[in-house]
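Right, one structure below, let's go through it.
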Amino acid sequence: MEAFIFLLYVVPFLLMVYGACMLFIRPPRKVLLASLLGGLVMGIVNLLVDLVAYGSHWWHYVFVQSGLHNPNDFQVQFTNLFLKSLNVLHVALPFYLTPIFIYGSLGYLLIWRFWTSKARWISWVLLAGIPLFSIYRDISGGITNGSYQVWENVPASVVATIVMWLVAFFAGFALFWWQARNTPFVVEQADEEPKRAVASKHAPTISK
């Protein structure tokens, strides 16, 4: 996938999914900020490991120039700016939006959402599934050359990928849970109270 397509199509879609899920979960501000902080920890760990991997020749990122038909000046400049940042920093900065918002913040909020419900098993599935899925995706993509990463040292990359995702996910979750564990999810009943008040007002009374 070209850099331009990822920036202008994938990133907005991820943010739309995140926003829609926030409307469903409706977390308190404290819990939302805690999830974003946990997601930020996950993104920073990913960034640091990518920098170490580049310096140690484990893997590096490769993007191709935009291949869109007749791109306008803004599209070309936007893509070139991203590619220049990639050449200078050697990391793909927009990539870290996914662990911050999706695997981090949204994943933590879903775990929190179902933790005190009858569907608590969903929280356990997410706790194990998110890091395992991330590990499998990166390893399979690196081995088959099906991702943006080009692996130069496969054994070291496999070990680094496993350690990175376990540390990133559970370090972010530990920070999130430390701040959100005392704020359980509560189903909003704002619409039910007025109905009960109206029903009681019009309920028949028995007089002596």
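Placement of Cβ uses the backbone N, Cα and C atoms for every residue, glycine included.
Feature list (source: TrEMBL):
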TRANSMEM  6-25  transmembrane segment
TRANSMEM  32-54  transmembrane segment
TRANSMEM  91-112  transmembrane segment
TRANSMEM  119-136  transmembrane segment
TRANSMEM  156-178  transmembrane segment
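By the Cβ criterion (distance under 8 Å, sequence gap of 6 or more), the transmembrane segment (32-54) is counted as touching the transmembrane segment (156-178), at least 3 such pairs being found.
Here the transmembrane segment (119-136) has Cβ contacts under 8 Å with residues 99, 103, 107, 110-112, 161-162, 165-166, 169-170, 173 of the same chain, all six or more residues outside its ends. Counting only same-chain residues 6+ beyond the ends of the transmembrane segment (91-112), those with a CB under 8 A from a CB of the stretch are 6-7, 11, 14-15, 17-18, 21-22, 25, 27, 31-32, 34-36, 38-43, 46-47, 50-51, 54, 61, 63, 82, 85, 122-123, 126-127, 130, 134, 148, 168-169, 172-173, 176-177, 180, 185.
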